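What Swiss-Prot annotates here:
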| type | residues | note |
| --- | --- | --- |
| CARBOHYD | 106 | N-linked glycosylation site |
| CARBOHYD | 141 | N-linked glycosylation site |
| CARBOHYD | 193 | N-linked glycosylation site |
| CARBOHYD | 242 | N-linked glycosylation site |
| CARBOHYD | 365 | N-linked glycosylation site |
| CARBOHYD | 374 | N-linked glycosylation site |
| CARBOHYD | 408 | N-linked glycosylation site |
| CARBOHYD | 467 | N-linked glycosylation site |
| CARBOHYD | 623 | N-linked glycosylation site |
| CARBOHYD | 628 | N-linked glycosylation site |
| CARBOHYD | 652 | N-linked glycosylation site |
| CARBOHYD | 713 | N-linked glycosylation site |
| REPEAT | 157-182 | repeat 'LRR 4' |
| REPEAT | 252-275 | repeat 'LRR 8' |
| REPEAT | 666-690 | repeat 'LRR 22' |
């Protein structure tokens, strides 16, 4: 009998079963989720590290410090960002980490990844599909790489910031871009090779605010909805069509619109006036016609109006005069013709007026532009102006850049042009000017450029030009100038630092495409190294940044120091005197022109011996062709280790062929032809042997290597036509010598053994760009002095001389008796140099890769920002440094006033007025580091012990051992723990990023210490920051408690110290963006200082009591 059991389930049983199933599902899910933990994230990061190290065996970045430790350490790895609970990895920042090769293909395993920054590397290949599986990614920056292929990121629907600029990505994005733009706020695809249409790809991107699609190959019409964005740039594409009124609806939110460099046409609509927040309107380089819209005059916020290179009507609307905030007006290349319009003389608010290439004729006085009171740059080049140069220009005392080149001006240059003390660039080239160069130009001490080429100027270069200590770029080629090159002229360009400092203070924001490209192309000698490198990369965007670099004194390219192949980024000068009638000898003092990288003296009548001191210059280009130089070619030319172009042809040099030329390993162009008295053998190996026979023509006494095809070469008749104006008798002597040499050679040719001159290859060039992990010597703007061993060299940043032996003597061989301080990065010794200067010698104690990075970072700061011979008054001056293996030494100015840390709690020695002065001094130093250095510098350890006082009590910031250059934004991934307990910003422990805002936080703590006389951390229940916030938030100061003042007069200084404490509280806000920047802080301090002046006659013993 078979029993069948039937189970009947009630409703309660069903619910219980469902609940059990839910628990089972939850348990399985929990197990799966548990697999995604910090442990698994660590394994992915270690896999990423191995991947990167295998493809970058030499130049490794921050990832080398990712070590196998417990899981908590993962969140402290440099470049790694975790959740606040440190439970998962959410971000990776490996910008500028010398990464090359294809992109890692397993980022998606980091399931909580929201931030990925791999910018400024050399990552190549296509963007892998794996990246599309990082579904939580919000910030992706792959800019400044060499990525290729097409763009496909369909899975990144949460992406808010996308930066793929400066790559080689191709293809049409019309179908791919809308798939991931739903949450996108920032989209930067500039400077790639994208193609196709973009007129409808943004319609579904509801959150988009900032778009930069410039410098691609997009075609068709523009997207009509750009009016709802904040910034929109499609500059330098192939877009066309008309810009319609409907694109500027009433709710236009644009602040920047850049349509330049396309083929838009028709009339531009006046409805642009609906964009009342517009700061920049750039229509340069299109095909717009008709009248300039009068409605533009109602956009009161407009600062930059770029309408050049179109065909607008020459009638300028009167309404534009209402733009009271207008700084830059560009109406160049519109072919206006006729006389210059009178209205330009009424733009009294404008600083930059660019009107070049408009086919203007007549004079320029009629428009009254020479009476504009605020004019800083006036560009009237490439027109047809004629007549005398107007003397009235000299009355514009604000003028810095005057460009009148490529016109038909004639007559003398007015002496009055020497009365513009702020003038930095004067370009009068390619006119019909006659007469002499005014001696009054010697008063132009701010002059950086003087361009007088291709005129008919005569006479000597006035000795007074040597007083132009900022004059780095001097071009008088192709005139009729004569006379000697006087020794006094070698002083030109000897100290441009004051001019660069003025430019660093100028904060006018000028966008790309405002005439600087044309200026740079005129002023950079495109055919001569090293400037040809810069000329080759001039695009509209690069011109803006390069122009800014030049004006502020930052180097555009690495320049060699004399006698070394080691390069550093520093400003470089040129001297162009070719095509004149200069005569006499070159003075030995030319060695003083220590920034000179290009020297062109060709096609003149210089004579005598070439001074050996020329070998002390950092030259990359030297052209002496077609002069009358004689004597031996100095062996010292072999010290020009980075010389690329050398032309000594058509002179009267004699003696043996200089073997030192074979040491010029970078020489790419060489010509020593037609110096018939040079003798000896041409090297058969080395750099010189790489040139063909055309480099040696007309030298019958030279012995050629066997591999030269000499048929008739060294016995060739030399005609008068080739030799120019050489005397006929001298010609006969040359031919006789050539024939005699040929006869002797036939008799002894079987016994001659060609000499082999081996080239001693110099060490591999170090460009200070992170391409090496170690280098024996790095140079800056000074010279080098060898120690007794000849290996350790001291690099001096001022003009004084001292050696490593002097350092040893000053510190008694680094004796313990000379120790005046110890820190986390080394020991400081006090000593006296032979010239009597007291110095503080800092010997770095850390070794290995990290110590090397720290030292190199500091050297980059020194090279780029000149903390030596010209030092900021609130930064401790550095006299020099040396590096040889483990020896890493800095030689600082000794500060006799000691450390602020020793005085900050002493309420009798440090009075309240002095405390405000110290706070102001430190702020000025940090303003320089953050806002006036390029790139910006983060100190990373602002504290009382890093503030030193000189003998007058002035404060200076010291210890840049961990300084880093910031290439993008204001953050930099730290490689070691930076900062000191009590001073470190709270976000540092989460982001591991050292930022300028972090410096502001540390500075805020320092101001609290100054205001209270209390330490940041003193063992109390409340740290200083917490106490200050409580006090200031509760407004307890208004009741006089708990803050009171000690001293005989309790009221003195209370208000100022309270204000100082308020600044400290503002600087220590929890959120970085809520903190002021250092410029804003300095402005607050200046106000307090102004109030403090009212108390100068009273007792100043006022301090806050706890």
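Just so it is clear, glycine is given a Cβ too, placed from its N, Cα and C backbone atoms.
Listed in sequence order, the glycosylation sites near residue 628 (N-linked glycosylation site) (C-alpha within 10 Å of its C-alpha) are 652, out of 193, 365, 652.
Across the repeat 'LRR 8' (252-275), the prediction's mean pLDDT works out to 96. The two recorded residues residue 193 (N-linked glycosylation site) and residue 141 (N-linked glycosylation site) have their Cα atoms spaced 18 Å from each other. Residue 193 (N-linked glycosylation site) has a Cβ environment of 13 other Cβ atoms inside 10 Å.
Here residue 652 (N-linked glycosylation site) is positioned 15 angstrom away from residue 623 (N-linked glycosylation site), judged by their C-alpha atoms. The two recorded residues residue 365 (N-linked glycosylation site) and residue 408 (N-linked glycosylation site) have their Cα atoms spaced 15 Å from each other. When Cα-Cα distances from residue 408 (N-linked glycosylation site) are compared across the glycosylation sites 106, 141, 242, 374, the shortest belongs to 374. Classification of residue 374 (N-linked glycosylation site) by DSSP places it in coil, neither helical nor stranded. Counting only the Cα atoms, the space from residue 652 (N-linked glycosylation site) to residue 106 (N-linked glycosylation site) is about 68 angstrom. In this structure, the CA atom of residue 374 (N-linked glycosylation site) is 27 Å away from the CA atom of residue 467 (N-linked glycosylation site). Around the Cβ of residue 652 (N-linked glycosylation site), a 10 Å sphere holds 17 further Cβ atoms from the protein chains shown.
In this structure, the CA atom of residue 141 (N-linked glycosylation site) is 17 Å away from the CA atom of residue 106 (N-linked glycosylation site).
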